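Since the structure comes first, as structure tokens, the remarks are kept for the end.
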Number of protein chains: 2
Amino acid sequence: MIRFLSQIQRINNFCYSNVIVSNRVVGFSTSGTMFKSAVFNLQEASKDQVQEFLNSFDTVLTDCDGVLWIDNNAISGSADAMNYFRKLGKKIFYVTNNSTKIRSEFASKATQLGFIASQEEILSTAYLVAHYLKGIGFTKKVYLLGSNGIGEELKAVGVRHIGVGPDHVKPDFKSMQPSELDPEVGAVVVGFDEHVSYPKFMKAASYLASEQCLFIATNTDERFPKAGSIVVPGTGTLVRAVETCSERKALVLGKPHNYVRKYLESCGLNPARTLMIGDRCNTDIELGVRCGFQTLLVLSGVTSPKDLEKLRNEKTPPLPDVVLPKLGDLLSLVS
Amino acid sequence: MIRFLSQIQRINNFCYSNVIVSNRVVGFSTSGTMFKSAVFNLQEASKDQVQEFLNSFDTVLTDCDGVLWIDNNAISGSADAMNYFRKLGKKIFYVTNNSTKIRSEFASKATQLGFIASQEEILSTAYLVAHYLKGIGFTKKVYLLGSNGIGEELKAVGVRHIGVGPDHVKPDFKSMQPSELDPEVGAVVVGFDEHVSYPKFMKAASYLASEQCLFIATNTDERFPKAGSIVVPGTGTLVRAVETCSERKALVLGKPHNYVRKYLESCGLNPARTLMIGDRCNTDIELGVRCGFQTLLVLSGVTSPKDLEKLRNEKTPPLPDVVLPKLGDLLSLVS
């Protein structure tokens, strides 16, 4: 890990110097990191620059919701772009903070929507939770404020769990007794839960009153990307709620936090030759920046063109290297 | 307001100087503010000091949950202590962040538990919400993620509302359409809501996507005081959740925020002759400190003896002037 980090540090230092010395927003570097934090619209690049960009990475990590699809609809051109990367020989990982499905379900969904994908290429937060608990030799039970996606991944590694599904408020909810708590619970896991309720908050906070009880969250995304004017609250909404009533901070496993970085490190990828694609700056791009990956922000998800304008003006990190309205737009640049 | 604030400033400056000059933790001041931020256990005061303390204020503001009662049980001795204040001629206000009842219901509950109380002496956050919206001439509809207490107070001032009661998730909740939102809604109010649910978060965040929509919260208390090991999440849990998915900050009306200060100011009380009693430092004591009141922390609610020890050691403001295990302990000091 230390070697990995110092490698990232060297890359960052190099690119930073490069930008300063050249005093140009768009710079090339021998490490293959073009357009460093330039929020550069790839559509404005020359054919040669696009080609050099494509040659500068061997591995593509991509977010799913908002980049590849929204709900159950593929975003136009995304599948063709991903399959083009594969045709060019790039290694591919689908890295999603979504915790509602198991890896094989993500692979099926991707395949149905036209993406070539195998279970081994999926890195989801439901899987990360199971991987983490298995890794620390956890033998107690999980109180899961989350969905069956996490439940199934936990089951696959032999970790027991309770809590999935509706838990409606009782008329005398304030009279809940300690006897209603399961003494075997040793961890509270918060993921996306459409059945979130007051009794669930009450139980989570009560388990967490014990300092020995672990507190794990899949991710803290504020919202899901969504077409239209309805806002779809993300897991961060539930994590912040449980953090408030438990008066504790969760260990967050998903993007952009350390655990997913560590996992990617174990996959043996070379940060200097990796591209991270996402629709969120505070998760996808932040992860990319922390790991020393090149980063591509697409505007087909949570980040709007208005947000992008703000990004460009305020220059507040994390800034993506390059930007595209949607991933599929890459194809017209190489055709 | 400016005069009121500068008055508070003068009092604070005076007391601060007094403590520094005397170089004693316990100091007396001519403004009647004894034991300033001393976290002084009143049980260790002499009879004369207790008498001087009692003579130093004309008005008593008291929190309810955790000071006077827990759930539906009076805390031993609290009613006698409050009624003793009244017998001494003190003006009394019950100032609660609890938003679940209307003022007359609080007065009834207090009376049933042995406290002398009238509706006019109750200052609750449900009432403050109605008072605020009436004050700004609000004519649209409120989406209320809260209970009927707020609903009734709104009705009393002619403000329409929707949203109270269960709103369970539908199997296809992600397909919620803008047509399901009420175009007349011009404010989202978040209070305590035992029926909180994912569709409620979704609706609140969708209304708040319009910048014109007001965002009001009753209070941000993390927990209710509760006997036993079950943690009862407070309104802050729900407010932080809605703030996360709406990506906005609520205007909080309850303790320790400006609106309740302003309301108290309009009641014509003299800060230098007012005592604030509470069981929470970040609401009750903070309000007292901001307003220049004397403050009494009791340990019968959310603040534990362990928390108090931490307070004393860390000297992190807001610090109460005096402390008692419970309000009723005052009586044995004067008998």
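The backbone N, Cα and C atoms fix where each Cβ goes, and this holds for glycine too.
Predicted automatically and left uncurated, TrEMBL annotations should be read as such.
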Query raised in the report: Can you tell which of B:Asp182, B:Asp193, B:Asp279 TrEMBL lists as binding Mg(2+) with B:Asp63, B:Asp65?
Result: B:Asp279
Requested in this report: Write out which of the listed recorded positions, namely B:Asp63, B:Asp65, B:Lys255, B:Asp279, lie with a C-beta under 8 A from a C-beta of chain A, sequence order kept, or 'none'.
Outcome: none
Query raised in the report: Where among the recorded positions B:Asp63, B:Asp65, B:Asp279 do you find the Cβ with the fewest other Cβ atoms within 10 Å?
Result: B:Asp65
Query raised in the report: Once near-sequence residues are set aside, which residues in the chain of B:Lys255 (substrate binding site), 6 or more away, have Cβ atoms under 8 Å from its Cβ?
Result: B:Asp63, B:Val95, B:Asn97, B:Asn219, B:Gly278, B:Thr283, B:Asp284, B:Glu286, B:Leu287
Query - Cβ-centroid neighbourhood (8 Å) of the Mg(2+) site, B:Asp63, B:Asp65, B:Asp279 excluded - result: B:Cys64, B:Gly66, B:Val67, B:Leu68, B:Thr96, B:Pro225, B:Gly278, B:Arg280, B:Asp284, B:Val298, B:Gly301, B:Val302
